[in-house]
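Asks: What TrEMBL records for this protein is below:
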TRANSMEM  B:18-36  transmembrane segment
TRANSMEM  B:347-369  transmembrane segment
TRANSMEM  B:375-395  transmembrane segment
TRANSMEM  B:402-422  transmembrane segment
TRANSMEM  B:452-473  transmembrane segment
TRANSMEM  B:485-503  transmembrane segment
TRANSMEM  B:542-561  transmembrane segment
TRANSMEM  B:913-932  transmembrane segment
TRANSMEM  B:939-957  transmembrane segment
TRANSMEM  B:963-983  transmembrane segment
TRANSMEM  B:1014-1034  transmembrane segment
TRANSMEM  B:1040-1063  transmembrane segment
Amino acid sequence: MRFLLPVAIALLVSGCGNQAGTHAVKEREPAPVAVGTLVPVRTSGEAGGREVLLVPASSVFRNGELAGVLVVGNDQRITRRWIRIGRIVKGDVVVLGGVDKGELVVGEYNPELGEGVTVIKSPKKTEEAESK
Amino acid sequence: MNEGIAGKLAKQFINSKITPLLMVASLLVGIMATFMTPREEEPQIVVPMVDLYIPYPGAAPAEVEARVAKPIERTLTEIPGVDYVYSTSMPDFALVTVRYKVGEDAERSMVKLWSTLMKNMDKMPPGVQFPLMKKVSIDDVPVLNLTFWSKTKSPYELRQSAVTVADELKKISNIGDVEIKGGLKRQVKIELNKAKLQQFNVSPMQIARQIQQGNSQMTSGDFKQMNEELVVRSGKFLESAEEVSNIVVGIYGSAPVYLRDVATIVDGPEEVNNYNFFGWAAAAPKGSVSGEYPAVTLTVAKRKGGDASVLADKVMSRVEGLRKTVIPSGITVTETRNYGATASEKVFTLLEHLLMAVVAVTIVVGFFLGWRGALVVLASVPITFALTLLIYYLLDYSLNRVTLFALIFVTGIVVDDSIIIAENIHRHFAMKRQPKLQAAITAINEVGNPTILATFTVIAAVLPMVFVSGLMGPYMSPMPIGASLAMIFSLLVALIATPWLSYRLLKTEEGHHEEYDITKTGYYKLFNNILSPFIESSFKRWLAFGVVGLMLVGAIALVPLKAVQMKMLPFDNKNEFQVVIDMPDGTSLEQTARVAKEVASYLKTVPEVESYQYYVGTNAPINFNGLVRHYYLRQKANMADIQVNLVHKGDRKAQSHDIAKRVRADVQKIALRYNGNAKIVEIPPGPPVLSTLVAEIYGPSQEQQIALAKQVKQVFEETPGVVDVDFLVEEDQKVYNLVVNKERAAFRGVSAEQIAQTLRMSLAGMDVGVLHTDKQLDPVAIQVRLPQSGRTSLQDLSGIFVQSQGMGTLTTRLRAGQMIPLSELVTVQEKIQDKSIYRKDLRRVVYVTADVAGATESPVYAMLDMDKKIAKLKLPGGYSISPLYTGSGVSDDKLSMKWDGEWQITFEVFRDLGTAFAVVLVIIYLLIIGWFQSFKTPLIMMIAIPLSLVGIIPGHWLHGAFFTATSMIGMIALAGIMVRNSVLLIDFIQIRRAEGADLKQAVIESAAVRTRPIILTSGAVVIGSVVMLFDPIFQGLAISLIWGGVLSTILTLVVVPLVYYMAEKKSTVTVKNKSK
């Protein structure tokens, strides 16, 4: 009879804190890709001295009513950023909200570029785009 | 020995055929009740709370406060039963929240409120619109959330299919509100073309009027002819965008102007007004896709009294059925909240714990009484619980955390009565002085009456907890009621079933064969060795008392030394938490979405997070906490909620609170990068409050209050352990005030209202009607607005025209219909938006809120810490403030501050429990006086009560746990148990002395004889509580019962006989002296 107690307590303890490890899914690190031009978000003067933000129309993608651009952050990774767009001015789209001036967006939207993909920045092309 | 009630009852039932039948019947009804009682996780708390939304268009906060909030508050405070009245005066409207005392009837409260409000509507200034009254109830909290997400479908399509599913789900019986969060509705957008409007001489107002008039249909009457009635109808509802575009909105020249000529008509999704995304995170099930996808959440609430798990199962099977037909293949439906499942799980875990406790206790009993004795005890527990569960069902309680906890808590106690009776029968059988039946009845008689007394002592200890007031009251009340009921049933079982079982199961053969002699037992030798030196030498006795006294002082000293901290309730281990992000007012929806996304992308890397969903521009489905905190109003563009779902608690090592603590710093760092404020919101274990730490600042003017609030906020931020600091003062937001030039407007024949309406229609848009299609489940609004690209700056307003109503003067002649540009009539003023005004109980208040985590987990210590710093603050008047803990200052002439939040509830609970404890002591004292007919003996018995502290406080210190409300409950219950032990001890001493034994002999004998039942019963309490040690909430209770139980049992067995000896020796000596 006496040997039952330690067994019971062991059972009690193990029954309470059933702790199995988490089955975390490791995300694969995608290989860096070249994405063509990276265009910084520009500002342009409007009538009345107000500035507006501009991105190339080709960089904007849509999902139903949602509009977005692919932004490359300081860590060279792509994030999908939702933006609110205004009118179109000569191949550029006025952005009303969602990006800051100077942020780099992927010039040509490519549906294959996913969230978190690392890009190889080619400064030359970027500058070209800037001087255009 | 004459027979007491116990003996009589036992005699009746010990050989009756009815006894086993009663036992079986009780078990059966208990099992039935368990399955019929609705299951929930949290107990149902009725907090009658009503929100009043009172629109006062155009008014500034100060005006709203003075004309609307103040007078309404004043009248509402007069309603009996109202506990608090809060109000927030914002630009254009007031939100008044009335909170009734807990337990007030919700419907009656609503009626009272309504009639009071109606009585005073005539005193409202003109322009105030009819108030919207919303009862906030626990049943508004969705029990089931289904997230519709898709890789390919847009938010518009997602919403469409969610709406269809919602419509199907509403057919399920007992289903409450079904709502849809996020997604985009179908809308007919009429995007005005400013240039065309001017060209065709049509104004926006005119368009709105034409659509409204064109969208009507009615029955005109009937013709009677040829013995028949013919119904005549006229008009036709608009049924499609095509019909809308063909409306004639004006005449230009000689041709009609169609709507399509001056505007673009788009039938499709409305403009983006929210972002709702779902994504799997690090701990997602295998094979889940990465990335985040547009989502729409369908929330299902239950009806009052319904069983969440039953409803959830029904809904899920329904959704399963719809998956093939209504839900397109591209859409995945994921269950992101299921309170039904969590409730069932919690209930079954607790039942499992209950079972373990019972088994553990049985094993302990088995050690002392052999397996037969253990079987007797084991059989009595299920009967007790079965009957208690039946009463729960009859009293409309649900099976929840608290009601089941009451059962676990009493497991160790309910076996006691049976143990005492079985043990004594066992002892008498072993003594072999009487035939079996006679021995059993004698045994019951011997301990029966003290057992009844002891049971009532324990009930007296727990029952006063019913009187805990405030929000915590309903949380706790099932506990004392359940525990008391269980105690009464256990007593009945002990007196009816236990003798029957013992008589049949316990054998007389085992044990001693020679004549029973107490002095030969091991217990007697032990106690003779321990007690004799103390009895013989008064110095040693006092030394022993001194040591015990020191231990007590040492234990209590741990509290002021902060080795043991007080907290009301620790955090439970939940499977979710929320991140609430507030960006500065005026932040665009997209910017908020961006911050939310960035925070979410961090959260998804946390190893315990299974999935997340963020909501921007619409609130996340609320929980009980969000309900009280008004999170359902979080629908502005600068607010985001992230719902974080963790993996099941069985699959992770870290507690949810530790995860929340771990991610807090990083989350806040990300938010701060964008000037945002992020808070980690966990589900509080007890009743929810505005925030854990709340400083209410009162004062003569809003400027001074805000100035002080800023200083207090600074103090908060500097104090270690204080996190999530925020205050309810909006940041400066720029507003353009378009001031109408009255003279110019008058000369142009334009009214100020026309200008306001036109502007509103152009910017915010105006719903001018709905499309009358029967296919659409969601109403399709027809909205007139400028296109997004046409309303980005003040310059865009220049092209908007209003129509003159005509004006003829000597100098000008303006015909009606002339288009006047708005820019000619208004001048722009840039200013800062007025701040909202908060009031609580008729006084203006500014709240500073925070949470505690890390350095200190208990708000009380943080508050004491900050008190000193706040007292040092420099105030304009040159005086210093000392934060108040209770009540609130009377005058607003000087700045003052009061602590609120969790503190308020903590204070109420500990105050009420303290009072309850005092009452308990008095009742116990009275009960024992009644039994022993002595004023002194009860005091000796109650010495055991403070002795429990020697175990309780160091026990908390050893476990590194908080002294919580549940610890306090444990302490109170322990008082009852310890007194019962003393009762059993002293009762036996008195019996022996009445039989003529010497005082010293009687004391030692009593200790020896009673040790076994005392250790058994205390052991049962201790072992029964071990299960609870692993539950974060009930840990405090377990520690109290275990450590308090062990130490005070040991001390009681020594100290109580000694004190009794001392007290009685004196009286015997005096009696002897007198007789000399």
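A Cβ is built for glycine as well, from the same backbone N, Cα and C atoms used for every other residue.
Fair warning: this is a prediction, and the values are worked out from it, not measured in the lab.
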Asks: Hey, which of B:18-36, B:402-422, B:542-561, B:939-957 has the most Cβ-Cβ pairs under 8 Å against the transmembrane segment (B:1014-1034)?
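Replies: Per the Cβ under 8 Å count, B:402-422.
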Asks: Top stretch among B:347-369, B:452-473, B:485-503, B:913-932 for CB pairs under 8 A with the transmembrane segment (B:963-983)?
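Replies: The stretch with the most contacts is B:452-473.
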Asks: Under 8 Å, at least three CB pairs between the transmembrane segment (B:913-932) and the transmembrane segment (B:402-422) (pairs 6 or more apart)?
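Replies: Judged by the Cβ rule, the two regions do not touch, with the required three close pairs absent.
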Asks: For the transmembrane segment (B:485-503), give me same-chain residues lying six or more residues beyond its boundaries with a C-beta closer than 8 angstroms to one of its C-beta atoms, as numbers and ranges.
Replies: 6, 9-10, 13-16, 19-20, 22-23, 373, 375-376, 379-380, 383-385, 387-388, 391, 406-407, 410, 413-418, 420-422, 425-426, 436-437, 440-441, 444, 448, 451-452, 455, 458-459, 462
Asks: Using a Cβ cut-off under 8 Å, which residues of the same chain at least 6 positions beyond either end of the transmembrane segment (B:452-473) come close to it?
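Replies: Apart from its flanks, the transmembrane segment (B:452-473) reaches 4-6, 45, 47, 102-103, 413, 416-417, 420, 479-481, 483-484, 487-488, 490-491, 568, 686-687, 904-905, 908-909, 912-913, 915-917, 919-920, 923-924, 927-928, 931, 965, 969, 972-973, 975-977, 979-980, 983-984.
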Asks: Quickly jot the same-chain residues contacting the transmembrane segment (B:542-561) by Cβ under 8 Å, restricted to those at least six beyond its ends, or write none.
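Replies: Result: 534, 946-947, 949-954, 956-957, 963, 1051, 1054-1055, 1058.
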Asks: With Cβ-Cβ distances below 8 Å as the criterion, list the same-chain residues six or more beyond the ends of the transmembrane segment (B:347-369) that contact it, or say none.
Replies: 34, 39, 375-378, 381-382, 385, 399-401, 404-405, 407-408, 411-412, 415, 419, 422-423, 426, 1012, 1015-1016, 1019-1020, 1023-1028, 1031
